[in-house]
Every structure is written in C-alpha cells, then in structure tokens.
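Each remark here refers to the structure printed beneath this line.
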C-alpha cells in the first residue's frame, strides 16, 4: 500500500505547477507580440537610462538576447509543469528537477527587485515543502509513523481454535485445484499508455521527416529562384521581414539548417520509437523521454509553428511516466 501524500507535497506541486502555467501564458503572449513598435520604444527608453546607457547595446541586439531568454523561460515553465505533475505522483527524480527549477526561479525573481519578492518567496516555499520530513518519507515510500495512543491498523485476530480437519482431500482433488491456477504469461501485454506514446512519437517523427525533406528539396532542387518566388508570395510579410535586413540568402541558410536539424531529430525519433517498441528496457523509455525533451526545445524556437509538436512531446512524456508504462519497461 502506497504512503498517503502529505499536504506539503500537494501544496508545493500545486503552487509550482500553477505558477509555471501562469508564467507560460505570459511568456507566450510576449512572443506573440514580439517586435512591436511599443516593445522597441520601451527597450530604447530602457537603454537610454543608466546603467545601460553606458553600454553600446543596440535595440536589435537587446531584443535578440531577450528573445532567447524568453524562449529559455518557456522551456523552463513547461519542464516545471511536467515535474510538478510527476512529483505529485511521488516520482523522486521529478522532485529533484522541480527543486532545481524552483531554486533557479527564486534567484531570478530576486534580481527583479521589489516586484520579484513575492514570487521568490513562493518558489523558496515550494522548495522547503518538498524537503520537509513528511515529504521525504513520502518520496522514500515509507509509511508515516503511528501517533502515540493511536490504534494500530491490524486486522482482528482469528479464532485460536484450529479449523476442523476437513482439509485432507484426496490427491486427485489436489491435482485438480492446482491445474486451475493459470500459468504466468511469458510476455506481458503492452500497456495502452506505452502504445499511445509510441504511436504519437512514430507518427510525429514521420511527419516531421516529410516536411524537412520537402524543405531540403525546395532548397537543393528549386534553388534560389524557387525560394525567392515563395518569398515574394508572402506580400506584406516579406516586406516587413526585408525591412529588418533579412535577405533571401539568409532565408535559404535558415531553411537548410532548420530542415537538416529537424530531419536528424526525426530520424532519431523513429529509431528510438522502434527500439522502445521492440525492447522492454528502462533505457529505451528514458531515450524516448530525452527525444521528447529535445523536441520541446527545438519546437519552442519555431513558435508558433512548433506548438503542436510541443504539445505532442508533453503528452508522450506524461504517458511514458505512467505507472504501468514504467512497470512494463522494468519487465514487471
């Protein structure tokens, strides 16, 4: 019987998960309006004030650095939500991951001054609750100590009188009773969460490989003329991008690097899917989760196009951490 979940673990996971979800919404909304005139004016005003006025930072450079920081924050909020879910279910590794992310968040909030005091205290409180005595017992799988004066939870003793001598059965009936017990199956059936996770990973990898191969064909076969024609078809969007100094050659390089990276990641995903399908090994499940984490990191860079792949990778991570999935890959 599993140990009851203490209130400290419930509150810590709830606060961390809800806070990460709130931060995720804010960061994604910022990415949606990235590069607006209002944002550029705010950054320009910030750079004109000390101590940043003494630096040689430009608005474009600052916006590029801030964009990468926001992308890292989005990945961190997604990881925090995933760790909060599985720490809530008693996973030790998720507790460590949630502790690290909450500690980093607390340090980041402290640097924000007066505005970040309350979020920093909340993150520090989550870390403290995750490592309280009852929380450590829960993650170690220990039963809580019985309070002094509490009745032990044992069943009532049976009668001391021996049962009537009616257990002596003929040997034929004993053989019949033994033959009723089903023989253990040599290979347990694959759980539904494992099947669903492998299907999502396999189908998603094939789709990404197809799109990446199409982009590579466009660059290598169609050449610059085809890319330039597709660029001109975008109309107002192409004019806005051109005003920022982005050229067709830059677009071709971006398409080439992106397509090659996505193709490599999709091939790795298909290989890991086949391995996790054929082998009941904990390493195969870990490899599946690692591929999903890499997919989340890569898809965030291509927001909002990569948002469906982010959601699919999160679903696979959740399915792979289900209790029946972990037990199946351990060979239980």
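Cβ atoms are placed via backbone N, Cα and C, with glycine included.
Where the annotation comes from TrEMBL, it is an automatic prediction and has not been curated.
Here TrEMBL flags 150-177 as region 'Disordered'. Per TrEMBL, transmembrane segment is recorded for 12-32, 65-88, 100-131, 196-221, 254-275, 287-320.
Counted over residue pairs 6 or more apart, the CB atoms of the transmembrane segment (100-131) and the transmembrane segment (12-32) come under 8 Å in at least three pairs, which marks the two as touching. Beyond the transmembrane segment (287-320), the same-chain residues lying 6 or more positions past its ends with a Cβ under 8 Å from any Cβ of the stretch are 28, 31-32, 71, 74-75, 78-79, 82, 85, 193-194, 196-198, 200-201, 204, 208, 258, 261-262, 265, 268-269, 272-273, 275-276. Outside the transmembrane segment (12-32), and at least 6 residues removed from its termini, the chain residues within Cβ reach (under 8 Å) are 67, 70-71, 73-74, 76-78, 80-81, 83-85, 87-88, 98, 101-102, 119, 122-123, 125-127, 129-130, 135, 303-304.
A Cβ distance under 8 Å defines the sequence-distant neighbours of the transmembrane segment (65-88), meaning residues of its chain 6+ beyond its ends; these are 5, 9-10, 12-14, 16-17, 19-21, 23-24, 27-28, 30-31, 34, 43, 94-95, 97-98, 101-102, 104-105, 130, 293, 296-297, 300-301, 303, 310, 314, 317-318, 321.
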